Amino acid sequence: MRRAPPGMRLARSLGAKEWSRNSHRCLVLVLTFVAYACYHASRKPTSIVKSVLDPDSHPPPDYPQPSLSSPPLPWPLGPLFLPPNPLGRPHSHGWAPFNGTDGTAKLGEIDVAFLACYSLGMYAAGHLGDRLDLRLFLAAGMIGSGAFVGLFGMGYFWHLHVFGFYLAMQMLAGLFQATGWPSVVAVVGNWFGERKRGLIMGIWNAHTSIGNIGGSLLAASVLQYGWGWSFILPGALIALAGLLVFLFLAAYPEDLGFSSPRKKAEEGKDEEEGRAGEEGSGERGSAVGFVKACLIPGVIPFALCLFFAKLVAYTFLYWLPFYLSQTAIGGEYMSVKSAGNLSTLFDVGGIIGGILAGFISDQLKARATTAASFMYLAIPSLYVYHRYGSISKFVNITLMMITGLLVNGPYALITTAVSADLGTHSSLKGDSRALATVTAIIDGTGSVGAALGPLLTGFLSTTGWGSVFRMLMIGAFIAGALLSILVKAEIAQLVQHWKNIRSDHSRQYGTEGSVVTPLLAGGDQQH
């Protein structure tokens, strides 16, 4: 049995009171929430500084000047998010090597380099995460990520104009960032059972959007002092959070003398009962192999679905601020800082979408049906946002938040509750550990799509943003279609469950009348 984290050991030596299981669960949720919020915050600077590095790529032929007499809008529409830009597009010579005719393509290349290394590193990270101490693994990944994100920004102060340097920093940052998601999902899965997992992890998954929002605001807030600061501050933030993880994160209940939720369920005990009492309960079993994890029912369909879901989501993550700065909204173009601030509202919608998708999937006991429904609804939302988002600032904000809700909802559901469900699937005999491996397979495959989307956007945007949005709508449709077999099976189970309720009611009351007991109250099947 591993020892408690050093920060907890120090607190105990100073006479601190012992915490209950629920108290430790809360601490685990807070630390993993902060950790992954910092991961996402450190990914946002590149999207914020794109228009500074490459300010004059493909200017629209009829770039209008905004009205200088336009009255300021009340908060939150202005001045934080949409201050008028009387000078039109910000005047800047950009930063070599990104300010040439191929600047947009180069920006797309550094995005895909980061995401390619991230997706490839994910598979290795999942394999290692189930075999190493997750606390040390996660802390090392966060500190390493912070170092390379900060080094990218140091290129500004060192006056570096070598494309290879920035490419290498992004690739190394991507490798270290791969340690994050398998680790935090595995830690939360270690502490929480399946009951209400979708809702709990849906709320917890708000760290993704909070990180995007915080990263955008932080990077934009210091942009005026030089774009290098937009990387250095998020890099320092994630490194500091990594130190907190090292000191206080208990990655396994067994490390503190508690038995795991799965072991309690197998023994028929209440999850909230006290300490394990025997050293044998600290055994966590052996990690499963990559092939065995792939063969768990549902892993491959959800992994392929996430490929296209993340293609859509990460295109917004990396290109939305650039798109907003290049698009006239209500007849005006906004500054780079304003575009970065406004783009955070997409993630506000994503927070709502993640919670809503988790809650619905818990109630229906139908993860695939929920995810597919959100993806299909995202198709008309994407069309409407592109077609009508430029009418006015209010319309743009409303449609952006709706699109964020529908795009990020299934993405959040699959990468959290679905991954945790499959990582503790009943086909895994005994106490085998597969949480990090399964999470890495699903999110690693999704991250390949996340790399492809921004790369294609870098090229397609040169022909017009309509091509980009057509790509996103096709991606959303394919994502939903890939879950068709699972959706069909879930619907069949829901229908059968409903028939069983009617049959039980009929036998109990001797009537064929309608059943008022909701389907959602009785299902206990796990998918």
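Using the three backbone atoms N, Cα and C, a Cβ is placed for every residue, glycine included.
Annotations in TrEMBL come from automatic prediction, not curation.
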Stretch carrying transmembrane segment according to TrEMBL (options 28-49, 204-225): 204-225
Range annotated as transmembrane segment - as stated in TrEMBL, picked from 66-88, 434-456: 434-456
Contact ranking winner - 231-252, 294-320, 340-361, 434-456, 468-487 against the transmembrane segment (397-422), Cβ under 8 Å: 340-361
Distal contacts, the transmembrane segment (434-456) - CB-CB under 8 A, six or more residues away: 108-109, 111-112, 114-116, 118-120, 122-130, 134, 178, 181-183, 185-186, 189-190, 287-290, 292-294, 296, 299, 302-304, 306-315, 318-319, 411, 414-415, 418-420, 422-425, 428, 468, 471-472, 475
Paired segments the transmembrane segment (368-385) and the transmembrane segment (136-158) in contact, 3+ CB pairs under 8 A: no
